[in-house]
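Participant: Here it is: the structure, laid out below.
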Amino acid sequence: MSVRIEHDTFGEIEVPADKYWGAQTERSKRNFPVGKERMPIEVVYGFAQLKRAAALANFDLGKLSEAKKDAIVYACDQILSGELDEHFPLVVWQTGSGTQSNMNVNEVVSYVANMYLKDHQIDESIHPNDDVNESQSSNDTFPTAMHVALYQEVETKLEPALKLLRNTLKEKEDKFESIIKIGRTHLQDATPIKLGQEISGWRYMLDRCEIMLSESKKHILNLAIGGTAVGTGINAHPEFGDKVAHYISENTGYPFVSSENKFHALTAHDEVVQLHGTLKALAGDLMKIANDVRWLASGPRAGLAEISIPENEPGSSIMPGKVNPTQCEMLTMVAVQVMGNDTVVGFASSQGNFELNVYKPVIMHNTLQSIYLLADGMETFNNNCAVGIEPIEENIDNYLNQSLMLVTALNPHIGYEKAAQIAKKAHKEGLTLKESAIQTGYVTEEQFEAWIKPEDMVDPH
């Protein structure tokens with residue numbers, strides 16, 4: 001392998017000649033051969049947005065020449081294009097401030113920027129610390145990149161998937177509005193409900209999650225940049241944080257602002273905890289929806305079988321013809337993983353000792369993973385399951401007509417105790433509810449027909 005020699009304050013080190021990173025990245029690769037979890041590329045893109053904006057701000061404030069500013073902006077745009085992904089090899093498991101990833105970006109930006117200067121025959125050079133990292137610390141850059149990445153992924157990936165599934169459920173809700181089925185509470189028969197009403201509960205869960213997500217993501221717009229090492233802003237111009245936030249907003253289209261309290265921004269990540277709490281709430285709702293779907297689709301002959309779902313693949317390696325609710329199982333596993341991630345994020349956020357929380361990479365890793373899993377899970381569940389949900393009306397009608405809980409409609413006419421006697425007699429003697437009611441003498445056939453109307457029970461008002 002061809003190598004070149006790079007150096008840092010620890011001395012010289014060999015770096016692969018075809019890679020754009022420098023000495024500190026190479027040391028990190030050697031010092032932290034831990035796990036397979038690469039630092040998400042979205043974090044790198046968040047850093048690129050930050051370094052780009054910092055170059056513009058530093059130029060405005062007289063800290064960088066125009067040539068250096070242009071070169072850094074060019075390098076950051078190259079990163080954002082996805083052309084340089086291979087030059088960011090570091091794993092999540094590194095220093096808790098994310099210093100190695102900050103330097104990885106600084107080194108790649110300076111390498112590409114110096115090529116830009118050389119190509120344009122400009123007699124200047126760019127240093128990863130003195131120029132790319134001008135007015136910054138890893139302590140304020142990593143949480144800034146983290147917030148930029150999280151906000152963008154919620155906007156561009158999670159929310160569209162949430163809307164997609166929500167809209168499908170709304171279509172099913174409207175389509176099945178006239179189908180009356182038996183309701184169930186405590187896994188026991190209850191009073192009737194429309195299939196459309198049941199699905200409306202699922203849909204409204206996603207409506208509420210969309211609102212909660214919109215509220216919680218607002219706090220992610222606060223950026224730590226400008227706080228530098230401990231929140232005081234040492235070595236940074238007083239206007240630097242606001243200018244960087246302005247330029248990030250200009251390039252992304254999102255209204256980022258510089259946090260009004262940088263001491264908080266460096267040592268606490270409660271804003272991410274709140275965001276992930278919403279992700280956990282969404283995971284809980286998806287768990288409930290997926291469980292309901294697979295129970296209602298259970299069968300085909302010895303289960304509830306009130307709905308059918310698409311048959312996507314063989315379900316068993318030993319039982320021929322068996323088809324399983326695989327999409328529901330996938331979504332419930334996603335939900336469990338997100339709930340586990342929430343525990344990690346909450347505990348890690350609590351570990352801000354004095355002026356700095358040093359669990360930033362694991363907070364970022366788990367939150368991004370939750371966003372990806374939920375987004376991919378909802379889209380896949382929607383496309384391969386939810387869109388194909390159909391009622392099995394013969395079974396729905398059979399359960400409805402057999403249900404003893406229709407007796408609830410008699411309460412206002414004969415009282416709770418007599419209605420309970422009718423239901424118990426029917427269950428014990430294997431009678432229909434109508435037969436039991438007439439045999440007790442509490443109601444006539446005409447009264448039963450007038451009072452027991454499922455269509456009235458689902459819309460009592």
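Just so it is clear, glycine is given a Cβ too, placed from its N, Cα and C backbone atoms.
Here the structure is a predicted model, which means the values were calculated and not measured.
Per Swiss-Prot, the feature active site, proton donor/acceptor maps to His186; the stated evidence is sequence analysis. According to Swiss-Prot, the active site annotation covers Ser316, on the basis of sequence analysis. Marked as substrate binding site by Swiss-Prot on the basis of sequence analysis: 97-99, 127-130, 137-139, Thr185, Ser317, 322-324. Summarising the annotation, Swiss-Prot assigns site 'Important for catalytic activity' to Glu329.
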Participant: Which residues does Asn324 (substrate binding site) neighbour through Cβ under 8 Å, counting only same-chain ones at least six apart?
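Facilitator: Residues satisfying the criterion: Gly315, Ser316.
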Participant: Report, as a single number, how many Cβ atoms besides its own are within 10 Å of the Cβ of Ser97 (substrate binding site).
Facilitator: 22
Participant: Which one of these recorded positions has the most other Cβ atoms within 10 Å of its own Cβ: Ser138, Thr185, Ser316?
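Facilitator: Max Cβ neighbours within 10 Å, all protein chains included: Ser138.
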Participant: Any idea which of the recorded positions His186, Lys322 has the thinnest Cβ neighbourhood at 10 Å?
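Facilitator: With the recorded positions His186, Lys322, fewest surrounding Cβ atoms within 10 Å: His186.
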Participant: Work out how many Å separate Thr99 (substrate binding site) and Glu329 (site 'Important for catalytic activity') at their Cα atoms, rounded off.
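Facilitator: So the alpha carbons of Thr99 (substrate binding site) and Glu329 (site 'Important for catalytic activity') sit roughly 39 Å from each other.
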Participant: Return the residues near Glu329 (site 'Important for catalytic activity'), defined as same-chain residues 6+ apart in sequence whose C-beta is under 8 angstroms from its C-beta, sorted by sequence, else 'none'.
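Facilitator: In sequence order, Ala290, Arg294 meet the Cβ cut-off.
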Participant: I need the CA-to-CA distance for Ser138 (substrate binding site) versus the residue listed as 'active site, proton donor/acceptor', whole Å please.
Facilitator: 52
Participant: Other Cβ atoms within 10 Å is the metric here; tell me which of the binding-site residues Thr99, Pro128, Asp130 scores highest.
Facilitator: Pro128
